[in-house]
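According to TrEMBL, the protein carries these features:
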- B:28-310: domain 'Gcp-like' (DOMAIN)
- B:His115, B:His119, B:Asp304: Fe cation binding site (BINDING)
- B:Val137, B:Val138, B:Ser139, B:Gly140, B:Gly141, B:Asp170, B:Gly183, B:Asp187, B:Asn276: substrate binding site (BINDING)
Amino acid sequence: MNILAIDTSNYVMGVAVVKDGVVAGEYVTHLKKNHSIRLMPAIHSLMEETGISPEELDRIAVAHGPGSYTGVRIGLTTAKTMAWSLDIPVVGVSSLEAVARQGAFFDGYVCPFFDARRGLVYTGLYKENMELEKPEKNVLMEDWLNELKDLDQKVLFLSQDISVHEEMIREVLGDRAVLPAFPYHYARPSLIAFAGAEMEAGSVHELVPNYLRLPEAEAKWLAQQKEN
Amino acid sequence: MSKDQYILAIETSCDETAVAIVKNERELVTNVVASQIESHKRFGGVVPEIASRHHIEQMTITLQEALDESGLSLDDMDAIAVTEGPGLVGALLVGVNAAKSVAFAKQKPLVGVHHIAGHIYANRLEKEFEFPLLALVVSGGHTELVLMREHGSFEIIGETRDDAAGEAYDKVARTLKLPYPGGPHIDRLAAEGEETIDFPRAWLEDGSYDFSFSGLKSSVINTLHNAKQKGIEHKAEDVAASFQASVVDVLSTKAVRAAEEYGVKQMIVAGGVAANRGLRAALQEKFEAVDTELLIPPIHLCTDNAAMIAVAGAVAYNQGHRAGWDLNANPGLDLELYSNRTKLSTE
Ligand SMILES: [Zn+2]
């Protein structure tokens, strides 16, 4: 089975080709550069290098959020439309789970997060077997850390934005917080392929981004409706 | 042409997710438009983030619908065309990345299309072009007079210096407390009212084909405000009729003058405001006296659709234009730069 994996949900852009469970190639960058310009050339060159033509693909796995709204849509539009064109299954893997899998061998909880500005983060808490201990949400980092304070195990924090929140994490969790070296903080696209390999695929039309947040205009509108 | 040529096009520049297939440059095969207007109404205008969210939800559904309607498959397509700009960046990105994905998956050539070139080319589904021709482009974001000496060549001879005509319509509609989108409501009211207020016409310098609608818009707002303070009430129908008379007068007079000066064979009206009945009537009347053929497309081809992108895309494709896998959404894409690019690719 040939799987193409795509992740453009945050600054990390990742593409992987996995052939019969073996990673044939991976392309990862961590740059503040336009995913829309660079994604398809990356897919093109990686598939060429690994000798896979589009019609030889059996499945596409994509990180479907949370993350940058636009970034999530670029990856998901590409994955969905390619899968639709080729008439093959497409599956969405949580962008947070993709990062959490970098800590799959950690003895304790794994907490991946993305900075969502104004003190907020997208996050969730994973157990070693990649099951969710606490569901993914958009939350103030301070509130979230207080929620994690009383856990009985160590917590591995993984994030491309680790430096933004490092101080507060150490302050609230003390030595129960584990912050590894930088290569562990970025999702590897082959892990998305791995996670998506066995997932049951629904209809391509029904795969939608996991934004974890309403558009600002809609949130305001709903608040106004409540007031009236 | 020995074999039929099919172009599949995608358009997502604003609040319509659209897919169309066109055969041999100007035969419409299928034209599917999924409108989001209902979900933006409550906000009184298009919310970009919400538009983008709808586009990604609708994209593959709309593609499937277009193929089902046509009875064709992606293998039958000769190229994939897509609106690359101008428009809302987040909205454009969904269409551009979808088009790249179809083209890459099926190993088809990819062509980027300028949205306004599309609006102009919508007319070619109705009537073959005869050059030179002029296009009066009027929409929510554009008011331009465009000269075409040949296929794929666009020269702007006049454009708005402030608001687009459609924008002025929306603002006046808001002042009259009409629901969004305001243009059709003003058009409807204008038909029932009379031109009782003499609003200004911005002719600008002698010989200029540029437009300006912000002064007119302010004049409408001030007139209503002053009348209210004096306890005078203008009928909304009359305000609409007077406002529309000013817009239509300037647009049609400048269009006729340009048609005569450039000696064009055809005058094409394009863009969403081309659906306006007042404008259509005024142009028809004025062009009766001129040697230029007036072309106004049916209303479903005036508003945003992908058929127009397929027609313009077919021309660009047959002129040798190709986009690379690095094609990006270009929210401020310039029509004349686009025009030169098409020319360069043929040299
Ligand atoms: Zn338009």
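Note that the numbers count up from 1, one per residue, in the order the chain is shown.
Glycine is no exception: its Cβ is also placed from the backbone N, Cα and C atoms.
Features recorded in TrEMBL, as mapped to the structure shown.
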{"residue": "B:His115", "record": "Fe cation binding site", "CB count, 10 Å": "27"}
{"residue": "B:His119", "record": "Fe cation binding site", "CB count, 10 Å": "31"}
{"residue": "B:Val137", "record": "substrate binding site", "CB count, 10 Å": "28"}
{"residue": "B:Ser139", "record": "substrate binding site", "CB count, 10 Å": "25"}
{"residue": "B:Gly141", "record": "substrate binding site", "CB count, 10 Å": "20"}
{"residue": "B:Gly183", "record": "substrate binding site", "CB count, 10 Å": "24"}
{"residue": "B:Asn276", "record": "substrate binding site", "CB count, 10 Å": "28"}
{"residue": "B:Asp304", "record": "Fe cation binding site", "CB count, 10 Å": "26"}
Next on the checklist: Using the alpha carbons only, what distance in Å do you get between B:Val137 (substrate binding site) and B:His115 (Fe cation binding site) once rounded?
Outcome noted: 11
Next on the checklist: Between C-alpha atoms, which of these binding-site residues comes nearest to B:His119 (Fe cation binding site): B:Ser139, B:Gly141, B:Gly183, B:Asn276?
Outcome noted: B:Ser139
Checklist entry - With respect to ligand 1, which members of the binding-site residues B:Val137, B:Ser139, B:Gly141, B:Asn276, B:Asp304 satisfy a Cβ distance under 6 angstroms to one of its atoms? => result B:Ser139, B:Asp304
Next on the checklist: Take the mean position of the Cβ atoms of B:His115, B:His119, B:Asp304, the recorded Fe cation site. Which other residues of that chain put their Cβ within 8 Å of it?
Outcome noted: B:Glu11, B:Ser13, B:Thr83, B:Ile116, B:Gly118, B:Ser139, B:Gly271, B:Asn305, B:Met308, B:Ile309
Item to check | Alpha-carbon spacing, B:His115 (Fe cation binding site) to B:Asn276 (substrate binding site), which is rounded to whole Å | outcome: 20
Checklist outcome for this item: Taking every pair from B:Val137, B:Val138, B:Ser139, B:Gly140, B:Gly141, B:Asp170, B:Gly183, B:Asp187, B:Asn276 (the record's substrate binders), the biggest C-alpha distance in Å rounds to 18
Next on the checklist: What does the structure give for the C-alpha distance between B:Gly141 (substrate binding site) and B:Asp304 (Fe cation binding site)? Integer Å is fine.
Outcome noted: 12
Checklist entry - Rounded to the nearest angstrom, how far is the Cα of B:Asp304 (Fe cation binding site) from the Cα of B:Gly183 (substrate binding site)? => result 15
Checklist entry - Between B:Asn276 (substrate binding site) and B:Asp304 (Fe cation binding site), what is the CA-CA distance rounded to a whole number of Å? => result 15
Checklist outcome for this item: Between the C-alpha atoms of B:Asp304 (Fe cation binding site) and B:Ser139 (substrate binding site), the distance in angstrom, to the nearest integer, is 10
